[in-house]
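Below is one structure; the comments refer to it alone.
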Amino acid sequence: MATTKQKVTAPSSSTAPCCPSTSILRREATAAVAGVGDGLQNWNNVPSVDDKQKKTASSALASLASTEPLSSNTSTKGIQIMTRAQTCHPLDPLSAAEISVAVATVRAAGETPEVRDGMRFIEVVLLEPDKSVVALADAYFFPPFQSSLMPRTKGGSLIPTKLPPRRARLIVYNKKTNETSIWIVELNEVHAAARGGHHRGKVISSNVVPDVQPPIDAQEYAECEAVVKSYPPFRDAMRRRGIDDLDLVMVDPWCVGYHSEADAPSRRLAKPLVFCRTESDCPMENGYARPVEGIYVLVDVQNMQIIEFEDRKLVPLPPADPLRNYTAGETRGGVDRSDVKPLHIIQPEGPSFRISGNYIEWQKWNFRIGFTPREGLVIHSVAYLDGSRGRRPIAHRLSFVEMVVPYGDPNDPHYRKNAFDAGEDGLGKNAHSLKRGCDCLGYIKYFDAHFTNFTGGVETTENCVCLHEEDHGMLWKHQDWRTGLAEVRRSRRLTVSFVCTVANYEYAFYWHFYQDGKIEAEVKLTGILSLGALQPGEYRKYGTTILPGLYAPVHQHFFVARMNMAVDCKPGEAHNQVVEVNVKVEEPGKENVHNNAFYAEETLLRSELQAMRDCDPFSARHWIVRNTRTVNRTGQLTGYKLVPGPNCLPLAGPEAKFLRRAAFLKHNLWVTQYAPGEEFPGGEFPNQNPRVGEGLASWVKQDRPLEESDIVLWYIFGITHVPRLEDWPVMPVEHIGFVLQPHGFFNCSPAVDVPPPSACDSESRDSDVTETSVAKSTATSLLAKL
């Protein structure tokens, strides 16, 4: 379910910025004209050029200022120079202005006033363009200004005079008709109002999607809670449990999933979970410490009516737990630690990364940042600058596209707790405004995110994405034992992250980029357990007792990473394949007389049905995405390998109802041939979805070839959570993830050119730490007992 969070209403959409400032754009244009090819660029200093090129640069800047195109014969090194047709890169997230235009265009296109009044806006996102459009933008209009991305002809590069207009994709729910529709809007003149004109958008298409329910919105959750709390039979049920103050009651609406025809998407439904706080004057009290059970409520969310209600069983409220709270001064008897000294991260010369709009350069990495209400953070166009080999692509698009949380208790209400937190709700639209010094440390660049609310207004989550560098311990080291001489390098990584809250749980999503060419995907899980109440003396084996009358059910968390790979592939090329590697033990015999032999065996995954695979730690199984036409210095194909971390498969039986919608959980790895529209493993609309195996499990039935293709990896990774007492009242972070690691991609370690640490002191000694500064032991009997 969605959570209430602070958002900032966007300023007037006509002035909302979309992309980099004019000065940055001018520096970029100058750099493009100066013919800086595929190398790393310094946008603060225009590279030196000869007189002819300087004149060309001046002409380009003048043209940019006047917005008139250059003459066709204006060129540098044979490349025609064109002005920007737009100030937003084709992959930049929609600006607040663009969202406003898209909403206004769709609303104006409603056939009748009733249709327009019933429109509710679930999602407004960028319709990502074809990869050829991205290649054009990256070649001549935006960083990295890599003209080699474009196909060549006998007459030179073909360069259109402008980029095509951006488009928005809207999911619209009509509250009056219970219909869901998808609209495509072309954003022609978004910022015209700033120049005294009008906003303009053009409807390209609109289609009603039958038999679906879109994600439930935060406004619907809030209205649902109010409806339930005002329902007289519900209030009577609360009084029977000794609850007279309804302000203490928390109603968390959950999507119903699909268990039977009663959950069909012909109705928009929610089944709430109910909790009760203890204190009316404590806004940060842990209200999840007292679940209210035995009450069954079914809400028609379309009409905001309770259509089924039953007080089935009187389960006593769990007692107030003195250890339930987690705010400062209220934990473990009200005593906080006093021996934590400040730790400062200082970068006196600033960060090593450079930014232009949503384009990032760091060390030898470059990529773009995107953001959607459903996925949250998206990483586009990942590439590595590899010396004389230039900018080498690795991936087109990386994101987390779904997560599923099934619970293992067969009793009501826990058996129906099977949340699809991305598809039923949205990871991005539940993202936090991050705080410096709390969520991220160091020199930080934040990115805001713009969303539509339920009624079509624009809201902005400030500081939604955090970009910063981190020290990550040792990168490599060797000491010559003969001479005693040593070389050591410290590892630094660039981290891009966001954090979201979905009801009681928090999820933090990270993409880490390393100096050795490695990419790590990480999820950190924290927040509060979803608890259940017990009868006096009751014990339930499907969870952990937190205190008498209160227990935490076992459950699993599954995440789906979608990775459209592009290892050494330019846009338009489909030269990747996937091999599975298993380490095998050699049979005893002539080849293994010492009985010590083992070797890595590779198997090419030739088609989609063959590429449904599971992790196997006993054979060190991993998978390599290789380019079929590029080799390293040994003649082997270049590649990147997916290295699994800790993982699991669903523990529910094969007939479990939630697996109807989550058939993709049956394997850890799926590989598909890229196809537009195949974006979410459970299909576009998993909420109340009655269709078995929609999405990934259906797409692979085509069994498309993978031997040389545009490859999409779907990696499903999960964790089985058997709760501990130490997970209460708020869970310490659990880590889960995987790594993309170069495998024959480079000719040697790309980390050998990292310079030595500037503060490396061969005469090591304590940092002025004396015996007197050691913290004295605390002899607090209360702390000792706790």
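Yeah, the Cβs are placed from backbone N, Cα and C, and that goes for glycine too.
What Swiss-Prot lists as substrate binding site is 419-430, 502-507. Its Cβ placed at the centre, ALA419 (substrate binding site) has 24 other Cβ atoms within 10 Å.
Packing around ASP421 (active site, proton acceptor) is summarised by its Cβ count: 23 other Cβ atoms lie within 10 angstroms of its Cβ, all protein chains included. According to Swiss-Prot, the active site, proton acceptor annotation covers ASP421, on the basis of similarity to another entry.
Secondary structure from DSSP puts CYS466 (disulfide bond) in a beta strand. Taken from Swiss-Prot, the feature disulfide bond applies to CYS440-CYS466, supported by similarity to another entry.
TYR505 (substrate binding site) falls within a strand when secondary structure is assigned with DSSP. Taking Cβ-Cβ distances under 8 Å and a sequence separation of 6 or more, the neighbours of TYR505 (substrate binding site) in its chain are VAL405, LEU525, THR526, GLY527, ILE528, SER530. The annotation 2',4',5'-topaquinone is assigned in Swiss-Prot to TYR505.
Here Swiss-Prot flags TYR505 as active site, schiff-base intermediate with substrate, drawing on similarity to another entry.
Around HIS555 (Cu cation binding site), the same-chain residues six or more apart in sequence whose CB sits under 8 Å from its CB are VAL405, PRO406, TYR407, GLY408, LYS417, SER530, HIS721, listed in sequence order. The feature Cu cation binding site is assigned by Swiss-Prot to HIS555, HIS557, HIS721, with similarity to another entry given as support.
Taken from Swiss-Prot, the feature Mn(2+) binding site applies to ASP710, ILE711. The local packing around ASP710 (Mn(2+) binding site), expressed as other Cβ atoms within 10 Å of its Cβ over all shown chains, amounts to 21.
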VAL502 (substrate binding site) CB neighbourhood, other CB atoms within 10 A: 21
Among ALA422, CYS440, CYS466, ILE711, the most crowded of the recorded positions [Cβ within 10 Å]: ALA422
Extra residues within 8 Å (Cβ to Cβ centroid of HIS555, HIS557, HIS721), Cu cation: VAL405, TYR407, LEU525, VAL554, GLN556, ILE719, THR720
Candidates ASP421, CYS466, ASP710, namely the recorded positions, that fall within 10 Å of VAL502 (substrate binding site) by Cα distance: ASP421
Count of other CB atoms lying within 10 Å of the CB belonging to ASP425 (substrate binding site): 27
Neighbour-count leader, CB within 10 A, binding-site residues: GLY428, HIS557, HIS721: GLY428
Minimum Cα separation from GLY428 (substrate binding site), reported as the residue among recorded positions ASP421, ASP710, ILE711 that achieves it: ASP421
Closest of CYS440, CYS466, HIS557, ASP710, ILE711 to ALA419 (substrate binding site), Cα positions, recorded positions only: HIS557
ASP421 (active site, proton acceptor) versus recorded positions CYS466, HIS557, ASP710 - nearest by Cα: HIS557
Length of the line joining the Cα atoms of ASP425 (substrate binding site) and CYS466 (disulfide bond), in Å: 22
